[in-house]
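Here's the structure, in structure tokens; my notes come after.
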């Protein structure tokens with residue numbers, strides 16, 4: 001039997017898999033036979049040979065065999081079962097911190113035992129804590145594994161052994177079917193077929209290089225990694241090509257509003273802003289929708305670039321919509337654009353969840369009739385009740401975490417008659433080039449790689465929680481003596497907004513007791529949008545000295561007089577998020593400071609993370625380091641959105657393969673488009689989105 005897509009085979013065809021096991025496997029992304037076979041081991045253990053006890057090395061995993069010499073219970077806070085074993089070359093202690101009477105009775109002196117585990121140094125001899133073990137009865141032969149033992153990532157209720165048995169069944173099914181080799185030989189630079197690679201990686205022979213497997217460089221791994229990266233790249237290219245089949249309003253190059261706008265600015269745009277604006281203007285003249293991502297570090301002036309793009313659309317008699325992720329940021333944009341555009345005779349509308357009743361109906365009517373040439377808001381802009389008059393450009397701020405499917409949905413919502421709007425996506429979270437080339441291959445990318453002159457560098461220091469009193473004194477000095485404002489950011493590792501809000505309230509209360517003369521405000525995710533807005537407005541107008549906040553202030557808030565930021569539990573946040581938070585200060589001409597307060601002792605990864613922030617303020621350098629430390633899923637926020645969740649590939653580890661993948665993808669989509677479609681269907685979950693655009 002020949003099967004093109006193994007995901008057509010349900011898990012329930014395997015023995016022992018019912019609804020309960022299916023649900024548990026679903027938690028780790030295993031929904032069908034293909035998912036199970038693509039759920040490759042995260043590491044391997046060599047249980048194919050016995051190591052003499054004399055030859056054991058600390059921190060290595062090994063299989064040993066010997067006779068029990070002693071079996072004793074050590075009493076203390078909790079009892080420990082200590083079993084000494086000898087094989088004639090030396091002795092070792094097996095230690096069990098959880099044991100029962102049955103284990104104690106079976107491990108009596110004279111019993112022959114085979115055990116596997118991690119070797120540790122002990123006080124008197126080598127030790128293995130909680131080994132896997134087996135009693136060898138009488139003169140029964142010693143049976144060893146024939147292949148390396150795979151270790152899988154798993155979930156509660158699914159043990160390693162259970163997953164191995166299920167994989168054995170899946171491999172047996174694989175033996176009896178023919179999988180279509182979709183990839184033609186001339187497009188496959190690796191010697192393994194798909195079937196051979198899967199079989200090899202689940203059960204590698206003992207003579208394979210463990211080092212190659214750990215590094216992901218074995219040809220069997222490379223075969224699967226290559227095909228998966230190729231499928232993703234093809235999917236993005238299909239979206240890009242598909243976009244060019246749609247119609248958009250080609251905007252003619254107009255300079256009237258642009259020149260009047262630039263003439264009223266108290267500064268000159270940077271060379272980078274000019275370059276990126278030209279790239280956008282070029283795109284907007286095309287008769288198909290622009291899909292462009294503008295990356296710029298915190299404070300690089302992306303809003304100005306967005307304004308110039310908006311003016312070109314408005315000069316052509318069209319409407320513009322700007323969508324921001326939060327009401328705070330959306331209202332800030334509305335205020336800025338009104339200030340900039342009022343003298344040009346352009347009306348800027350505002351639409352968010354809190355605009356209700358008559359005011360909302362009035363705003364909707366203005367949008368429908370075209371009286372409002374630019375409308376700013378949250379995702380409320382794309383609700384069914386909103387009807388645009390002549391929408392030509394959608395600007396999406398800080399939504400780089402959208403996956404391609406969300407970008408396509410947004411495009412559909414903005415469609416009018418047969419025309420789709422141009423899309424400009426802006427982010428202040430620089431995306432590492434490796435990720436941009438893969439995850440955002442459907443977008444053209446512009447980078448604003450220059451900060452406006454006059455920005456003051458931020459001094460960043462890491463201070464232990466034990467010096468909290470000194471930090472509070474520094475806040476007091478900044479607010480009282482220097483007449484500056486400060487942020488105090490609370491972070492919780494628990495994602496519960498309730499707990500985070502409670503922590504922020506407790507800290508604000510403490511600070512009010514210690515600094516009663518300061519005006520201290522509080523903002524957190526549990527507050528109503530209107531409350532948050534009022535507090536932020538008061539902070540902006542210098543009616544609040546110290547703002548205690550959760551990470552809701554990560555994005556876009558602009559208060560030039562704030563020059564000190566304290567981040568509690570800084571070790572709990574990723575580099576890019578810390579960099580975003582730090583970017584809330586240093587927006588004026590005064591020297592600014594960021595204090596990363598941590599709870600000791602710091603782990604190695606946390607030390608590395610805080611050191612990077614002390615060393616650099618370059619968001620692109622920081623994003624690359626973040627990718628190295630945390631991996632692509634975390635950097636993109638894809639734990640929530642499902643962007644770039646690869647089954648086999650690891651973008652950091654496999655980044656050198658990406659240029660080769662791009663070369664083959666470009667050829668394949670032109671020379672054999674039907675093969676490209678089948679590859680996408682095999683590897684990508686949102687099949688219908690990618691293959692039918």
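Any Cβ shown, glycine's included, is placed from N, Cα and C.
Taken from Swiss-Prot, the feature region 'Wedge domain' applies to 48-146, supported by similarity to another entry.
The annotation domain 'Helicase ATP-binding' is assigned in Swiss-Prot to 283-448 on the grounds of sequence analysis.
Shown in sequence order, 333, 336 are the residues of the chain, 6+ apart in sequence, with a C-beta less than 8 angstroms from the C-beta of residue 303 (ATP binding site). When secondary structure is read from DSSP and collapsed to three states, residue 303 (ATP binding site) falls in the helix class. Annotation comment: Swiss-Prot describes 296, 297, 298, 299, 300, 301, 302, 303 as ATP binding site, evidence class sequence analysis.
For 397-400, the entry in Swiss-Prot reads motif 'DEAH box', with the evidence type sequence analysis.
The annotation domain 'Helicase C-terminal' is assigned in Swiss-Prot to 482-628. DSSP places the residues of the domain 'Helicase C-terminal' (482-628) in helix, strand and coil in these numbers: 67 helix, 26 strand, 54 coil.
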CB-centroid shell, 8 A cutoff, ATP site 296, 297, 298, 299, 300, 301, 302, 303, site residues removed: 428, 448, 451
Local Cβ density at residue 301 (ATP binding site) - other Cβ atoms counted within 10 Å: 20
For the region 'Wedge domain' (48-146), residues assigned helix / strand / coil by DSSP: 9 helix, 45 strand, 45 coil
CB contacts for residue 298 (ATP binding site) [other CB atoms within 10 A, all chains]: 23
Most crowded position, judged by CB atoms within 10 A, among 296, 299 as binding-site residues: 296
Residue 296 (ATP binding site) in three-state DSSP notation: strand
Confidence summary (mean pLDDT) of the region 'Wedge domain' (48-146): 94
Nonlocal residues around residue 302 (ATP binding site), in sequence order (Cβ under 8 Å, 6 or more apart): 294, 296, 397, 426, 428, 448
